Every structure is written in structure tokens, then in C-alpha cells.
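Peer 1: Questions regarding the structure given below will be posed in turn.
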Amino acid sequence: MSEAAAESSAPQVGIVMGSDSDWPVMEAAAEALDEFAVPYEVDVVSAHRMPHEMIAYGEQAAGRGLKAVIAGAGGAAHLPGMLASVTPLPVIGVPVPLKYLDGMDSLLSIVQMPAGVPVATVSVGGARNAGLLAARILAAHDAELRARMEEFQASLREQAAEKGRRLRAKVGGTSGFGFAR
């Protein structure tokens with residue numbers, strides 16, 4: 001395999017979570033990255049049950065070629081912040097909803113980081129947006145990926161415009177606000 005081919009298939013994003021029980025939520029991040037052909041790795045790195053491994057993961061992520069980390073956690077949700085404290089990479093936190101508090105505890109834990117330790121936080125259960133945000137971060141320095149993101153955004157606009165056309169047709173054919181095609 002050529003160096004360029006090996007580099008293109010090497011993971012660029014790490015998707016980590018506190019437990020495999022978080023995968024049903026976090027899988028949406030992987031699916032979003034798949035849509036943009038962004039290679040990633042997936043693992044369980046528990047902040048509370050394997051703190052030494054979690055610290056090593058964060059410290060070594062950039063050196064292994066990752067460009068961003070998506071970290072999902074429920075409850076106390078320390079994983080995203082602890083990773084952000086030991087890596088220079090952008091960390092995107094996904095609050096994972098649990099049985100109690102519907103993920104509000106996780107959201108508040110992840111979003112309330114101290115100065116100097118930023119974590120980009122998406123909505124509760126918002127792993128798809130985390131994957132899309134990671135793709136956008138990478139697209140800042142990758143023209144091909146940026147073009148795919150622009151196509152994706154154009155598709156979203158067209159889907160929304162089509163919904164407006166269908167709604168206007170359903171309620172009597174009003175002309176709309178002037179921006180719908």
C-alpha cells in the first residue's frame with residue numbers, strides 16, 4: 001500500500017464512549033462520517049473505569065494521526081472534558097441520555113467546561129451532528145471534503161424547499177415568502 005493510500009485509510013476521527021451501551025447513540029456519528037468517507041476508529045474508553053487508558057488515549061490521539069475526537073458519555077459524563085484536558089485536538093462531546101434525567105445531567109456536565117478546556121457540545125443524543133461537525137472541521141483543510149459538505153448542504157436546502165412547496169400546495173397554493181423555488 002502506498003503512503004498516500006495508507007494515510008487516506010488511517011483513522012482521522014476517534015469515536016469513543018464510556019461503555020458499549022452508548023453505541024446505539026454513538027453509531028450515528030460513525031454513519032455520518034461514513035457518508036463523507038472520513039475514516040474513523042471506535043472504542044470504549046471509560047473515564048471512571050479505565051482512567052489511565054483514557055489519559056493515554058487522549059495524549060496519543062494526535063500523534064497517531066487523529067484530527068478530532070468525538071466522545072460520548074452519560075451520567076457524570078467526564079470523558080469529553082478529560083480527553084480535552086490532555087489532547088490538543090478538538091473534542092466534540094455527545095451527551096448520552098440515560099434512564100434518569102434524560103441526558104440533562106450529561107449535557108450540563110459536558111457543556112460547563114472550565115476556561116481553557118473547550119469541548120464542542122452537541123445536543124443530547126446528537127451523535128449525528130457530532131459526526132457532521134467532525135467532518136466540517138476536517139473540511140477546513142480538505143477541498144474534496146469541503147465540496148462534499150457543500151453538496152450535502154445544498155441537498156438539505158433542496159429538501160427544505162421541497163417541503164415548503166408541498167405544504168403550500170396542500171394549503172391552497174400560496175406563493176411562499178419569496179425565497180422558495
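Glycine too: its Cβ is placed from the backbone N, Cα and C atoms.
Automatic prediction, not curation, is the source of TrEMBL annotations.
So TrEMBL says this about it:
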DOMAIN    11-160  domain 'PurE'
BINDING   S19, D22, R49  substrate binding site
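Burial and contacts for the listed features, if you can.
Peer 2: Mapped onto DSSP helix, strand and coil, the domain 'PurE' (11-160) counts 77 helix, 23 strand, 50 coil.
Within 10 Å of the C-beta of R49 (substrate binding site) there are 11 other C-beta atoms, taking all protein chains into account.
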Peer 1: Consider each pair of residues in S19, D22, R49, all listed by the record as binding substrate, and report the largest Cα separation in Å as a whole number.
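Peer 2: Overall maximum Cα spacing for these binding residues reaches 15 Å.
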Peer 1: Using a 10 Å radius around each Cβ and all protein chains in view, which of these binding-site residues has the most neighbours: S19, D22?
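Peer 2: Counting Cβ neighbours within 10 Å, the top one is D22.
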Peer 1: Limited to the domain 'PurE' (11-160), I'd like the whole-number average of pLDDT.
Peer 2: 97
Peer 1: Determine, for the substrate site, the additional residues of the same chain whose CB lies within 8 Å of the mean position of the CB atoms of S19, D22, R49; present them in sequence order.
Peer 2: M17, G18, D20, S21, V44, S46, A73
